[in-house]
Each structure stands twice: as C-alpha cells, then as structure tokens.
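Asker: One structure coming up, written as structure tokens, with questions to follow.
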C-alpha cells in the first residue's frame with residue numbers, strides 16, 4: 001500500500017485507490033473514501049467515485065469553540081456517513097492534503113486504527129486523469145463508537161510553554177513571511193492574530209518542504225535529512241504548529257507517522273491562539 005521505507009503503512013497511492021473503487025462505492029462499510037477540503041466547492045464539482053465529502057470549516061471543528069469535535073460529534077459525523085470503527089478509511093483533499101492530514105490526526109486522536117492518506121491528494125488525482133464524478137454517495141448509517149481521546153498526539157498551550165522553557169524542538173510550518181511577522185496570515189484567509197512572529201526557539205520548516213512538486217510526500221531519507229538539518233532527529237519531544245493546526249498536521253504526519261518519531265504532537269491552537277495571548281513570548285524575524 002505504501003513506500004516500505006516509511007515507518008508505518010499509512011500512505012496509499014492513487015493507483016491503489018483506483019483499484020478499490022468498487023469497494024469504496026459499496027454499502028458494505030469495510031472501505032470508505034473521504035475527500036476533505038476547506039469547503040466542499042471543489043468536491044461538489046467533481047471527486048473520486050464513492051468519495052464522501054467533508055467540509056473542514058463546518059464539519060471537522062466545533063463552530064463555537066474552534067476546538068476539535070467532541071467524541072460524540074465525531075461519532076455522529078462518521079456514523080451518519082456510513083463509516084464504522086472497523087472501516088478502512090482513506091482520506092485525501094485539497095492543498096496537498098492539508099485538511100485531510102488534519103482529519104487523519106483527528107481520526108487518530110479518537111483511536112481509529114485503519115486510516116490512511118492518499119499520497120498527492122485531490123490535485124494529484126485530478127491532474128493525472130483518474131476517474132471523477134459529481135454524484136454524491138449515500139451509505140447506510142453505522143453505529144460508530146470512538147475511543148480515546150488519545151492526548152499523547154496533541155499539544156496544548158501549557159505544553160508549548162514548557163517546551164519553550166526547556167528548549168525543546170518546535171516546528172513552525174508556516175511561510176517565512178508569517179514566521180518573521182511580516183504578515184499575520186496567508187492572503188485572503190480570515191483567521192488571524194493580534195501579533196506577528198513565532199514562538200521563541202521555533203525552527204521554520206515549511207510544510208511545503210515535506211512534499212514534491214506533485215504533492216506526494218518526499219522519501220523517508222529526504223524527510224529525515226530535512227528535519228535533521230534543524231536538529232530534529234526524534235530523540236526529543238517535538239511540537240508542530242502553524243496558524244490553525246491544519247498545515248502542522250502535515251508535519252506531524254511526516255514526523256510521527258512516516259518517520260516513526262513517537263514523541264511528536266500537533267499544537268492545533270497554533271498561532272491563532274498563541275499570537276492572541278496577552279504576555280506570551282514572541283520572536284520576530286528569521
């Protein structure tokens with residue numbers, strides 16, 4: 001299913017997905033394919049046959065608290081879309097799997113075992129002329145029972161404060177302009193902060209450095225070298241963050257899942273939380 005050089009068998013190729021389209025379109029919940037985008041505009045136009053569409057903005061986070069879904073809401077979302085806790089779920093999405101990686105992380109937070117990312121995401125599927133449809137699938141509801149939450153893959157503000165005090169690795173995956181404080185957020189995006197800059201001691205290793213031009217992940221050796229160049233080799237607790245937790249999910253996936261560095265967490269509060277805190281330490285510049 002995946003490159004055997006990676007620590008875990010968590011990636012599937014577009015070819016593998018294409019060869020299992022019959023299973024993904026079946027009422028049997030053994031296999032489910034899910035496209036996760038920032039919204040469902042692209043999904044509504046076309047998607048892989050059998051793919052369920054999740055809207056990251058409205059379905060994958062609490063609309064009041066900007067937190068991850070509660071266990072009950074997570075169970076309702078998956079069960080209502082025909083996903084059971086035993087389903088083999090393949091996730092893919094726009095922006096080289098930003099939001100699919102965040103959803104993968106949330107699946108793991110609630111203990112779903114058989115979940116994978118499709119390497120390359122939506123753009124790879126479309127650009128390489130794999131089959132698409134505009135038909136929205138409907139599957140029999142399932143009684144989904146989540147586990148966890150498993151807090152060992154999630155970082156909170158207190159964890160970040162302790163990491164800063166101890167000088168532990170922090171990976172800021174935002175653009176150099178965001179990292180330096182030149183801009184607060186990528187152009188056109190609304191979630192922002194009162195201050196620009198980065199968490200003291202953080203290394204700026206862009207999420208884009210983990211993927212090839214076609215959106216597929218770089219090899220295990222390339223990823224290992226990328227992080228080792230910044231002193232991150234898996235021997236210390238490491239926290240990844242971005243602006244709202246979706247781009248940092250790519251770094252968490254690369255470090256924790258592909259390289260097998262177990263002590264890696266995703267700070268989903270990210271800069272939108274830290275940059276709005278009164279009195280929190282901030283560094284500017286590169």
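The backbone N, Cα and C atoms fix where each Cβ goes, glycine too.
Sharing the features that Swiss-Prot gives for it:
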ACT_SITE  242  active site, cysteine persulfide intermediate
BINDING   247  substrate binding site
DOMAIN    27-134  domain 'Rhodanese 1'
DOMAIN    164-283  domain 'Rhodanese 2'
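Could you give the neighbours, burial and distances for every feature on this list?
Answerer: Around the Cβ of residue 242 (active site, cysteine persulfide intermediate), the number of neighbouring Cβ atoms within 10 Å comes to 27.
In the three-state DSSP reading, residue 247 (substrate binding site) counts as helix. Every protein chain considered, the tally of other Cβ atoms within 10 Å of the Cβ of residue 247 (substrate binding site) stands at 27.
Averaged across the domain 'Rhodanese 1' (27-134), pLDDT for the predicted model comes to 96.
Break the domain 'Rhodanese 2' (164-283) down by DSSP state and the numbers are 38 helix, 16 strand, 66 coil.
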Asker: Report the DSSP secondary-structure composition of the domain 'Rhodanese 1' (27-134) as helix, strand and coil residue counts.
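Answerer: Taking each residue of the domain 'Rhodanese 1' (27-134) in turn, the totals are 42 helix, 23 strand, 43 coil.
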